[in-house]
Amino acid sequence: MLRLRGVSKTFGGLRAVQGVSLEVQPGEILAVIGPNGAGKSTLLNLISGLLSADSGRIEFLGQDLTHAAPEVRAWRGLGRAFQIVQPFPEMSVRENLMVGALYGTPGTSVQAARKVVERVLELSGLAGKAQHPAGELSLLEDKRLELARALATQPKLLLLDEVMAGLRPAEAQDAVRLVRSIRDSGVSVLFIEHLMPVVRALADRVVVLDYGQVIAEGRYAEVAENPKVREAYLGRGA
Amino acid sequence: MELLLQTLLNGMLSAGVYALVASGLALAVGVVGIVNFAHGEFLMIGAFISYLLFASRGIDPLVSLGVAAVAVFLIGAITYYGLIRPVLSAPELNQMLLTFGLSVLLQNLALLLFGADTRVVSPPYQGSTLSLGGLSFGGVPLAAFVLSVLILLGLYWFLGRTRLGLAVRAVAQNRLAPGLLGIETQRVYLLAFGLSAALAGVAGVMLSVMLYASPTVGFAFTLKAFAIVVMAGLGNLRGVLWAALILALAEALVSTYVPGGGGWVEAVFFLVIFGTLTWRSWRRA
């Protein structure tokens with residue numbers, strides 16, 4: 001459903017992403033991993049439209065979105081959650097979700113949006129905090145809200161940027177279950193993650209980036225055995 | 001005692017228009033993120049629209065309110081589109097220099113077109129007064145106060161209860177998320193800046209009757225609006241109401257009780273700015 005062909009992005013002299021091609025199939029959970037500075041976040045920004053690619057092509061559901069504005073990509077069905085949460089701090093949790101539900105899909109009525117919000121509140125375990133100001137949540141609740149708000153836009157593909165970072169192992173397990181249930185409801189997932197246990201538990205397929213290039217691709221077990229990947233993670237000459 | 005009550009009453013009545021002008025500035029600062037030194041010039045344009053309509057066609061300022069609201073909204077939107085949007089990601093200093101330049105440009109344009117004279121719109125009810133229990137109200141200031149309160153209530157309703165208002169609040173509270181959630185941020189900026197200008201324009205119509213229209217009438221209001229917005233906390237709309245009230249009351253008290261107080265009135269705003277900023281930095285330290 002998502003297809004990248006030779007996508008590149010350069011900052012000054014730094015080639016952050018070089019000729020990346022990858023695909024996400026419907027119903028799939030794809031992990032993008034790689035050492036720090038490998039270009040993972042840049043890649044996610046190129047897909048969600050916060051950055052515009054210098055060259056290459058980004059297609060989603062058969063449409064060319066290479067240079068589309070972020071809101072257009074959101075309308076087509078791309079949802080995004082950040083590692084550093086981006087709430088609307090002076091709104092309640094429910095209002096935060098309402099923004100996603102009302103604007104994520106053009107033509108959504110207020111009534112329909114309210115229904116989506118209630119469903120997402122239940123799914124994300126935030127129902128008890130619905131009236132709470134978003135600026136006064138715990139870290140775990142912050143993360144849930146970030147994910148829930150992306151879900152409220154009713155995405156077809158969810159882009160997750162290290163959403164598990166900073167969670168305790170038990171909390172991360174809950175989050176893994178939540179992401180699985182999201183997939184089971186028919187949403188594909190592309191996620192960036194540093195925690196290898198999470199990658200192993202969640203990913204159907206793994207793409208490894210190093211210095212902005214794809215160096216390996218396949219199932220977790222295959223990729224983990226790949227000498228190039230081991231080198232990238234452990235350091236050259238190790 | 002009566003003098004004190006009368007002073008407080010006068011202060012309260014002028015707080016309405018101050019709040020109107022400052023709420024507009026708070027929208028520009030809080031939603032669009034632009035420190036707009038030309039805010040008072042939108043007010044000046046509103047005042048001249050009122051004057052021109054009254055002088056040429058005898059149109060009542062109450063009618064001009066609507067005309068000015070629409071016209072100044074459009075001028076604000078065009079300003080946003082042509083001048084502000086290209087510098088949105090420029091350093092703040094550049095943005096401020098741009099709006100400051102726009103302010104000077106508009107003042108001089110008005111000077112060229114209308115001359116430096118002050119022009120007052122004087123409908124038949126201009127001098128009307130009402131008295132109640134020994135206190136006297138100017139009919140026009142009272143009407144301006146009531147209208148300001150109604151317009152501000154409308155603004156709060158829009159921001160708090162409508163779909164579009166939700167998007168405006170979202171853009172004000174986070175720069176990154178709104179686009180990714182499907183909000184057309186550029187349109188929201190355009191709307192917010194237009195509304196910001198329109199609020200100043202409407203205040204200008206009221207001031208064309210209470211004060212006068214002149215090329216430089218807006219400048220003092222830019223400064224007052226800044227004082228109020230700083231005191232309220234940047235972009236905090238609800239705080240604007242309190243700050244406007246406090247400043248207007250302080251101004252009224254100074255002009256009544258300080259000998260030669262009229263000349264000190266302008267200083268009140270700046271004392272309050274200094275006081276607020278100093279107090280905040282102490283509290284933080």
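Quick reminder: no glycine exception, Cβ is built from N, Cα and C everywhere.
Residues or ranges marked as transmembrane segment in TrEMBL: B:12-35, B:42-59, B:65-84, B:96-116, B:136-159, B:188-211, B:264-282.
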May I ask which of the stretches B:96-116, B:136-159, B:264-282 has the most CB pairs under 8 A with the transmembrane segment (B:42-59)?
B:96-116
Taking the transmembrane segment (B:136-159) as the first stretch and the transmembrane segment (B:96-116) as the second, find out whether 3 or more Cβ pairs fall under 8 Å, excluding pairs closer than 6 in sequence.
no
Going along the chain, which residues at least six beyond the ends of the transmembrane segment (B:65-84) come within the CB cut-off of under 8 Å?
32, 34, 38, 42, 45-46, 49-50, 53, 59, 95, 98-99, 102, 147, 189-191, 193-198, 200-202, 204-206
Could you give the residue numbers and ranges of same-chain residues that sit at least 6 residues beyond the transmembrane segment (B:96-116) on either side and whose C-beta is under 8 angstroms from one of its C-beta atoms?
34-38, 40-41, 44-45, 48, 79, 83-84, 87, 213-216, 218-219, 222
